[in-house]
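S.K.: Input: one structure, supplied below.
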Amino acid sequence: MDAPLIASVILPEFGKGTVATDNIPIGKIIIRKRVDILSLDSANLTRTCSTCTEEKVKTQRCAACKIIHYCSKGCQKADWPFHKLECKALQASKQNGILPSVCRLLIRLYLLWQKNPAIIEPMEGHQNEFQAVSSSWSDAELIASAASHYTQIYQAELFQKLFCRLAVNAMNLVTSSFDSLGMCLDTILCRLNHSCDPNCQIIFDGAIVQLVSKRDIKKDEQLFISYIDIRLPKSIRQKQLLKKYFFSCYCPRCENDHTTKETDGSKWMGRLRNSKSLMKNLAMARDLWSCGWKQTAFPWSNLLHHIKLGMLDESNFNGAFAALYLKSSADEFLDALHVVDEYQLLLLGKQVAMEVKHLMFPNDKPLEMEFPSSSQPQQTVPTNNSLFLLKNIPSFGGLHHCILGRYSISLDDFVLWLLDRAQRLQQAVRISHPSTTFCSNVENDIKEIFEVCKDYCMLHVQNNLKAFEEKLWAACKDFLVTY
């Protein structure tokens, strides 16, 4: 590999793998590069640049296919070597709708292979395993046939071979906050093996991908990432790995996990998958609480995430805050996704605080912020829309409808808690998302909130928040139970 800290090797039990050539500290950027090829989901094509993935208010579309969009002429020119064949296929398939992202990525992989046929050889393909599973092989034949037909490159077997490698080695293309953008493939990162307790994580910064260490890694230690959601129970993880990647995981976490389907939470999977409405998800949460289901076990994290989204759809920031606080408090995996949750929790916490402030002081100017301090005279500090989202704050009918007012939670104590969370988030984001736009945005928001709340900064250092967090946790739970 073209990186000084790692090397590709052949390992017993693993075959191909990647090891550290030196000691690597936590939060170290091991690899930073542009992904080799990417393809946006159809829903993102018109609002996202297909080269750099930047979202612009106005994008420029390709004049020929009128489907792929770019943020600038420079990005369009840079993408042309990969778009030229895709463009032809998109025009040919227009009557049948937009080609799916996996088919468009396959066409781009063909061009990558055409430039350097040896580049795909290190990739696992598992073509024999694909052919043994009728449904998987049907997908391979269908996508390969479409790519071959619309590009008029009649090499079906080659496209099938490339599809198998794509299916096993492609990654989800996401934003730094894990919002889905599409699919991508990188010929260096695909050499990393899987673990359900990985020591590295992949972070995207637009079309740039980073491999970042999650903990200290010793020289000659193998580097691992996770191919799947590590918050899922063991039985579901093993099924997903076997179905998509054709292997079973024997990492230490899996080997030491002796839970059964009755105790690992997988029995809730069907109900979670079918619970689309907020009220059904809240009913499921009440059932989990009533049977004493462990807060750190599946499906709590996934369920509370769905509840948060449902509350946001109703513009209920108190409910969204309650769900996310319970989710974040019980999260055993302090990874990049947890950091994103903490950032969203901070933003929702500011929204909740501003709602209380709006009800207590309804005549304040819309772009001013007051936090009454017990030790300092009240001050009015101007802020901006992006920090506290002061416009159109719903009151929900009165202070007793806010989570702080309903449970008599002091606004002063809540602000101190927010400052403590912000300080910890500032340290965590530098480790999880180093040198990314996301990290800069988080740090800027934290800097602004500390400036706005500067009268509290000396107080929060010595404040014991354990009792407060217990009260807040109970309030959040009751808020959802009685919703």
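Each position is counted from 1, following the chain as shown.
Each Cβ is built from the backbone N, Cα and C atoms, and glycine gets one as well.
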S.K.: With the ranges 10-48, 49-87, 205-243 to choose from, which does Swiss-Prot describe as zinc finger?
M.R.: 49-87
S.K.: When the pLDDT values for the domain 'SET' (4-228) are averaged, what is the result?
M.R.: 95
S.K.: Measuring Cα to Cα, tell me the gap between CYS52 (Zn(2+) 1 binding site) and CYS87 (Zn(2+) 2 binding site) in whole angstrom.
M.R.: 18
S.K.: With an 8 Å cut-off on Cβ distance to the CYS62, CYS65, HIS83, CYS87 Cβ center, who else from the chain surrounds the Zn(2+) 2 site?
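M.R.: In sequence order, the nearby non-listed residues are ALA64, ILE67, ILE68, LYS84, GLU86, LEU90, GLN91.
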S.K.: Within 10 Å of the Cβ of HIS83 (Zn(2+) 2 binding site), how many other Cβ atoms are there?
M.R.: 23
S.K.: Is the zinc finger (49-87) packed against any residues at least 6 beyond its ends, judged by a Cβ distance under 8 Å, and which are they?
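M.R.: Same-chain contacts beyond the flanks: 37-38, 40, 94, 98, 104, 107-108, 110-112, 151, 153, 173, 175, 181, 206-207.
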S.K.: Give the sequence-ordered list of residues that share a chain with CYS49 (Zn(2+) 1 binding site), lie 6 or more positions from it, and have CB atoms under 8 Å from its CB.
M.R.: GLU55, LYS56, THR59, HIS69, TYR70, CYS71, SER72, CYS75
S.K.: Which residue counts does DSSP give the zinc finger (49-87) for helix, strand and coil?
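M.R.: Grouping H, G, I as helix and E, B as strand yields 15 helix, 5 strand, 19 coil.
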S.K.: Among all the protein chains here, how many other CB atoms are within 10 A of the CB of CYS52 (Zn(2+) 1 binding site)?
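M.R.: Excluding its own Cβ, CYS52 (Zn(2+) 1 binding site) sees 20 Cβ atoms within 10 Å.
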